[in-house]
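If you look up Swiss-Prot, you'll see 1-159 marked as domain 'Obg', on the strength of sequence analysis. Among the features that Swiss-Prot reports, region 'Disordered' is placed at 127-146, 364-390. Taken from Swiss-Prot, the feature compositional bias 'Polar residues' applies to 129-143. Annotation comment: Swiss-Prot describes 160-333 as domain 'OBG-type G'. Annotation comment: Swiss-Prot describes 166-173, 191-195, 213-216, 283-286, 314-316 as GTP binding site, evidence class sequence analysis.
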Amino acid sequence: MKFVDEATILVVAGDGGNGCVSFRREKYIPKGGPDGGDGGDGGDVWLEADENLNTLIDYRFEKSFRAERGQNGQSRDCTGKRGKDVTIKVPVGTRVIDQGTGETMGDMTKHGQRLMVAKGGWHGLGNTRFKSSVNRTPRQKTMGTPGEKRDLQLELMLLADVGMLGMPNAGKSTFIRAVSAAKPKVADYPFTTLVPSLGVVRMDNEKSFVVADIPGLIEGAAEGAGLGIRFLKHLERCRVLLHLIDLDPIDGSDPAENARIIVGELEKYSEKLASKPRWLVFNKIDLLSREEAEAKAKAIADALGWEEKYYLISAASQMNVKDLCWDVMHFIIENPVVHEEEAKQPEKVEFMWDDYHRQQLEEMEAEAEEEWDDDWDEDDDEGVEIVYQR
């Protein structure tokens with residue numbers, strides 16, 4: 001299946017149903033009064049995270065989602081039926097962005113998590129709601145309000161504990177093949193990896209972590225060189241980054257300069273990502289003698305001003321790989337994920353306390369009082385009234 005990590009969709013919530021103007025017509029009840037019902041609320045549009053999905057490719061073909069409109073009110077005080085909601089399933093790890101405002105509406109990080117992205121319109125009011133002591137036969141009603149409409153940008157960001165960084169041919173895919181059951185393509189030319197891949201590293205029956213491999217970065221990636229930096233977003237949720245450095249580059253380039261390029265591209269992309277814990281891992285030590293590999297690694301670390309611990313491994317022969325994985329496992333255990341509080345969904349507002357409807361009622365009642373003619377009122381504060389009859 002083709003890997004698609006970005007998609008744009010249109011979501012439209014249902015409009016609210018209109019109120020009804022109706023009067024009770026029944027035998028022996030000549031003045032039955034108003035009995036027009038309210039309309040139904042429009043349906044909402046929801047997103048739901050599904051762990052069984054791993055790509056957004058479905059939304060390259062189906063781009064528009066519309067919830068059902070609320071039914072209009074009917075006579076005999078019948079309220080219109082509420083419009084049906086629409087639920088759109090997305091992979092776990094999807095970020096939802098409103099294209100109109102650029103606002104991030106939410107991150108779908110848990111299976112079954114739901115996020116409302118378009119609220120249905122409010123129902124209109126029937127003429128029964130406008131009955132009062134001065135208006136016994138109201139002919140007023142209100143229309144339902146339109147549902148929300150949004151263009152959404154969906155961005156899939158892989159959920160991994162460890163992210164792999166490095167130049168093309170640094171050995172990232174070989175490392176994942178060595179520590180997990182994932183089998184990304186491996187070859188001796190640059191950009192063998194074209195899409196991100198995940199691997200689960202199982203240390204024992206109870207301990208495991210997920211590692212993400214992304215295509216290699218080159219100088220100028222922030223400006224779009226190579227495969228650009230579009231895949232760096234998949235590392236934003238990682239807790240630690242493994243920066244693989246090829247001790248013996250096939251093109252004869254300087255490993256220290258290559259490392260500086262990677263750090264520079266990280267900083268251009270995101271300061272938050274650049275500030276994540278980053279471990280230096282020198283790969284392909286099997287191509288050099290032990291003394292030569294250690295000396296070269298120390299020289300590179302000194303050139304980078306690196307004062308923390310670094311690792312020397314060979315992903316191809318799995319030399320020192322197990323020790324590195326255990327250190328990663330201990331780091332993950334000591335630094336658990338801090339989940340952000342999920343965005344609270346607005347509670348459903350009941351009719352009597354709805355500001356929109358209350359305002360409409362007040363306006364209609366004010367108009368009715370202004371138009372009221374009290375010539376037939378027995379209680380007259382202004383004196384005697386004469387009524388002429390033919």
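Cβ coordinates come from backbone N, Cα and C, glycine included.
All features noted in Swiss-Prot, drawn onto the structure.
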{"residue": "G166", "record": "GTP binding site", "DSSP class": "coil"}
{"residue": "K172", "record": "GTP binding site", "DSSP class": "helix"}
{"residue": "P215", "record": "GTP binding site", "DSSP class": "coil"}
{"residue": "K284", "record": "GTP binding site", "DSSP class": "coil"}
{"residue": "S314", "record": "GTP binding site", "DSSP class": "strand"}
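For the domain 'OBG-type G' (160-333), the mean pLDDT of the prediction comes to 78. Listed in sequence order, G171, D246, L247, D248, S314, A315, A316 are the same-chain residues six or more apart from K284 (GTP binding site) with CB atoms under 8 A from its CB.
DSSP assignment over the compositional bias 'Polar residues' (129-143) gives 2 helix, 2 strand, 11 coil.
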